[in-house]
Amino acid sequence: MIHTKIIMCFQKVPWLLDLGRLSLGFTNGISGYLVPIYIAEITPKNLRGRFTAIVPLMTCWGMSSMYVVGSFVSWRTLALIAIIPSILQLPLLSFIPESPRWLANVGRDKELESALLCLRGEKAYISDEATDIKHYVDSLKSISEEGILDVFQKKYVRPLLIVAGMVALLSLGGVNAFTYYSGVIFVSAGISSMIGLIALAAAQTLLGFLGTIFIDKSGRRPLLLVALAGLCFSSFLTGLSFLLKDYNWWGEGTPILALIGILMYKGSFVVAVGIPWLLVAELFPINVKGSAGSICNFISGITGWAVAYYFNLLTKWSSAGTFFIFSAFCCANFILAATMVPETKGRTLEEIQASITHSSQ
């Protein structure tokens, strides 16, 4: 990631910038689903949702700070500034323990117990947890060999379709358009780009904190439904503001309507975005989790790219119509979550995955 940003900063020809963006997309895509999975595997069941919800909150903080800083410096300088967090992460990686479940999967039982003691505290009683993890991993190995095609077994098809559908609909709901073109959307709606971006950072922070607090109290499903309803309504509100502007109706109110819509959208997205990746960690056992995460990540990337690429073309056709389309996809995601997403709060990963296996038999 560091070398990619250096290439982007000092390149003199367009193709190097394209190469840098492509490489950055790969690294961001991989880390975007690995980090929530890793956190879900190392945290206890009563804190798993809360810790995983911190990831999108931190991501939005970083993006919001880059929005503000980018208003004062050139994009080359911004690329150099973005190198600093990457450099700071490198030495910290040596202090991160391996996932206990991965260690069990590769037969390193002694290291598994050491990792659990590192994560839970030197005086913590980890014998039962270590035994449960080892027994469950051994039972998986006795059923099937680890392979990328195992994720297409009958018992995993339903959770795979649920999570893949959720990430696809989240991307098709316009998140990349709102992320990459926030400043442009603010200006098009008649709002100062700087005021809009600062308000955006504040809204994301506030709602992200609320999501972190409530995810382990209210559960994943209720919080997800509230967030998806917010995405649907806010997209519709943004589209309505452009529709009113196109017909010169309520001229003084349309910028406020657009601002409320965009702030509500980004705030709702901070709450919603981490839950599908948390479900990848919770619903799939260790032998297929990598395959499931890769498939979902690929689908999310492709649909997100399509939205970002065609957004300008769609707005030339109709700005209002574009956001109404985003609203329809968000509504479809709400229906999917309401009818198919299970509640996983308060259960260990082994309990969740065992219940899925038994229900499919």
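Every residue, even glycine, has its Cβ placed from backbone N, Cα and C.
Automatic, uncurated: that is what TrEMBL annotation is.
According to TrEMBL:
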DOMAIN    1-345  domain 'Major facilitator superfamily (MFS) profile'
TRANSMEM  20-39  transmembrane segment
TRANSMEM  51-69  transmembrane segment
TRANSMEM  160-178  transmembrane segment
TRANSMEM  184-211  transmembrane segment
TRANSMEM  223-244  transmembrane segment
TRANSMEM  256-280  transmembrane segment
TRANSMEM  292-311  transmembrane segment
TRANSMEM  323-341  transmembrane segment
For the domain 'Major facilitator superfamily (MFS) profile' (1-345), what is the mean per-residue pLDDT, to the nearest integer? 82
Top Cβ-contact partner of the transmembrane segment (292-311) among 160-178, 223-244, 256-280, 323-341 (pairs under 8 Å): 160-178
Same-chain residue ranges lying at least 6 outside the transmembrane segment (184-211) that approach it to Cβ under 8 Å: 53, 56-57, 60-61, 64-65, 67-68, 71, 178, 223, 227, 238, 241-242, 245, 254-255, 258-259, 262-264, 266-268, 270-271, 274, 315, 319
Interface present between the transmembrane segment (20-39) and the transmembrane segment (223-244) (three or more C-beta pairs under 8 A): no
Would you kindly list the residues that approach the transmembrane segment (160-178) from elsewhere in its chain, counting only those six or more residues past its ends and only Cβ-Cβ distances under 8 Å? 151-152, 185, 231, 235, 262, 265-266, 269, 272-273, 276, 279-280, 283-284, 292, 295-297, 299-300, 303-308, 311, 322-323, 326-327, 329-330, 332-333, 336-337, 340-341
